[in-house]
């Protein structure tokens, strides 16, 4: 919930203030500043969550984020919206990489292997849906406190209090419950020794290489990461279009634009929730790979039918559909990685995953900024996304089918 409150405060301040005009270039710059650098922090998260107790990470990262959010609130009161402001946002979001990576790596320690899909559906989707609820709460606070600098600072202060509450809740978990549990040869030497900066950087780069090699030895994991990266790029283009359409096409003023964007996020969140309900049932009947392919194809058809009119109501239905696809694909990818990656490597692999997840989205925003108009209406761009989704569905299904042709089992 706290992330939703925090992000609505930022979106309202940066994109939907009357004195600030949203453009494709500004949206791309915001996403690049907040996503690309903190994607680079992902490898650091992976190295450390394979060394530190993951329960402790879940306790202390929200506390650190609370302090950082208060600093960002101070920048807002001072009227800052330049490099210093985005740097503060970058650090807040970057710390979240440690929390999310630790959460994903810890999940197999608390559920059985045959329940991972359902557990992911509950864990990931409940978090996402609650974040959307937090966005609604943030919007409500904006209506109470106002859209100006002081109102935004008060919303951020409320977010900081919620972060502290999250850390307090995590203290109820036993310290050793969530791992990591390593083989003897994987145990880091001299845990009490403080590594030098150069050693940490070397460890991070080594962790990336190790994670990449581990992925390369597991084709199912590599294909899953390719699918989510492909989807995230296309999703990034559509989300930038949605932001601009809500700000400058569907609405005539910033407040109405924020209401429309909140509506789009709300129906998309409902799609995330729907994916959590249907994905576990579907993958019990067909494979995760088949479900991913069907979802990519569904995204192509849905965007073609619902997106091309560039009207608010059909676009909202399309946002619901894309929410289903986004969460459904992610649940399948998360579970595939958890099933195929050794525990000693999960942190490093999920760090690579986080980096790809965010970098492809930011790359999409940067690319779209070069051609999207200020009102977000771009027929050829949407048509290209439709064609790409359709081609991706066919390519993924073909690759997955070839991968599922093993040699005959010994009897």
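Using N, Cα and C of the backbone, Cβ positions are placed for all residues, glycine too.
TrEMBL labels come from automatic prediction, so no person has curated them.
Residues or ranges marked as transmembrane segment by TrEMBL: 27-50, 57-79, 85-107, 119-141, 153-173, 221-241, 261-283, 290-311, 317-337, 349-372, 378-396.
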| said: Please identify the stretch among 119-141, 153-173, 290-311, 378-396 with the greatest number of Cβ pairs below 8 Å relative to the transmembrane segment (261-283). | reply: 119-141
| field | Among 57-79, 85-107, 119-141, 153-173, 378-396, stretch most in contact with the transmembrane segment (349-372) (C-beta, under 8 angstroms) | value | 85-107
| field | Per Cβ pairs under 8 Å, the stretch of 57-79, 119-141, 290-311, 378-396 packing most closely against the transmembrane segment (317-337) | value | 290-311
| task | Counting only CB pairs under 8 A, let me know which of 57-79, 153-173, 378-396 has the most with the transmembrane segment (290-311). | result | 378-396
| Positions on the same chain near the transmembrane segment (57-79), where near means CB under 8 A and six or more residues out | 2, 6, 13, 48-49, 85, 88-89, 91-92, 95-96, 98-99, 102-103, 106, 149-150, 152-153, 156-157, 159-161, 163-164, 166-167, 170-171, 173, 178
| field | Residue numbers, six or more beyond the limits of the transmembrane segment (85-107), whose CB comes under 8 Å of its CB atoms | value | 3, 6, 10, 30, 33-35, 37-38, 41-42, 44-46, 48-50, 54-55, 57-58, 61-62, 64-65, 68-69, 71-72, 75-76, 116, 119-120, 123, 177-180, 334, 337-338, 343, 346-347, 350-351, 353-354
